[in-house]
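To start, the structure under review is shown below, and the notes come after it.
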Amino acid sequence: MGYKHKDLLGTRELSKEEILYFLDAAKEFKELNLKDIKKCEYLRGKTTINAFYENSTRTRTSFEIAAKRLGADTINFTASNSSVKKGETLNDTMNNMAAMKTDIIVLRHPSSGAAKFAAARTDASVVNAGDGTNEHPSQALLDLFTLLEYGKSLDKNTTVSIIGDIARSRVARSDIWAMKKFGINVKLFAPKMMIPKDAEVFESEICKNMEEACEGSDVIIMLRIQLERADGDVAFPSSREYSKFFGLNKNRIKLAKPDAIVLHPGPINRGVELNSDVADGTHSVILNQVENGVAVRMAILNTLINNRG
């Protein structure tokens, strides 16, 4: 079936088959990335722009490496050093990028829906690299890729616990939408004010405490607290108190299955949602996630370029 769309805006709109297509395509690029020479010329003569209106380490660097390994010309755009500071709108910025015959725009923006807005107003393909609290599809795809790599099945036999600031996490939303397509059992746990008001749409179990959240899990995804998106509506306890009730430590990880894996989209707040003895321990596959991000994003960029003809 493949993936035949111009843009990649979220996992909620993807079919199970389309998700599997990306995961299968990523295998080729994972193998390439393990070689001494990591480049190919699939995107030779193509131009990608990483348009980031928010700070990023892993996602922007990963997309840049992905594009360059595919042979594309890559430009990094940051809002703080652009005409955005002079009042230029997102619409005008996208139009100008398209006028320069850009093939793909990788967009990160603080406003939910920004990627869809941009995609409707440019001929370039748009990849949503995170729009507000809405979605972050490439992160969800690399998370699923990592699950498969560690022998976790994408079906009802796998239990995934997502713990932390779910209400403000675009990663959580994309992960949940993608996992639900496969019938994966998803459990959620967070402080009450960090559970989404519309959590029932996820059709997931909401746990009462960390012990219940970790019990019998195959995968635990930890999320940081996103105070920058809180708008003053979160009464944040001390880091020590948060860690006591909502942090993952070496005792709580023992409640999960013996071969459970721990994921985190980063950045990690050590000693808050995740203790170092877990982040650096045998259950952690966090750096493997980062590695897999390059392969998955290569698959995304290559697919969208092929769709452009």
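From the backbone N, Cα and C atoms, a Cβ is placed for every residue, glycine too.
Bear in mind that the values here come from a model prediction, so they are computed numbers and not experimental data.
What Swiss-Prot records for R58, T59, R108, H136, Q139, G266, P267 is carbamoyl phosphate binding site. A simple way to gauge crowding: the CB of H136 (carbamoyl phosphate binding site) has 26 other CB atoms within 10 angstroms, across all the protein chains here.
Classification of K86 (L-aspartate binding site) by DSSP places it within a helix. Under a cutoff of 8 A between CB atoms, and with a sequence separation of 6+ in the same chain, K86 (L-aspartate binding site) has no neighbours. Residues or ranges marked as L-aspartate binding site by Swiss-Prot on the basis of sequence analysis: K86, R170, R224.
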Cβ-based isolation winner (fewest other Cβ atoms within 10 Å) among the binding-site residues R58, R108, R170, R224: R58
For G266 (carbamoyl phosphate binding site), nearby residues of its own chain (Cβ under 8 Å, 6 or more apart in sequence): T57, R58, I286, V290
Cβ within 8 Å of the mean position of the Cβ atoms of R58, T59, R108, H136, Q139, G266, P267: remaining residues of the chain near carbamoyl phosphate: S56, T57, A129, G130, V171, P265
Recorded carbamoyl phosphate binding residues, R58, T59, R108, H136, Q139, G266, P267 - maximal Cα separation rounded to whole Å: 16
Binding-site residues: T59, Q139 - member with fewest neighbouring CB atoms within 10 Å: T59
Pairwise CA distance, H136 (carbamoyl phosphate binding site) versus R170 (L-aspartate binding site), rounded so that it is a whole Å: 6
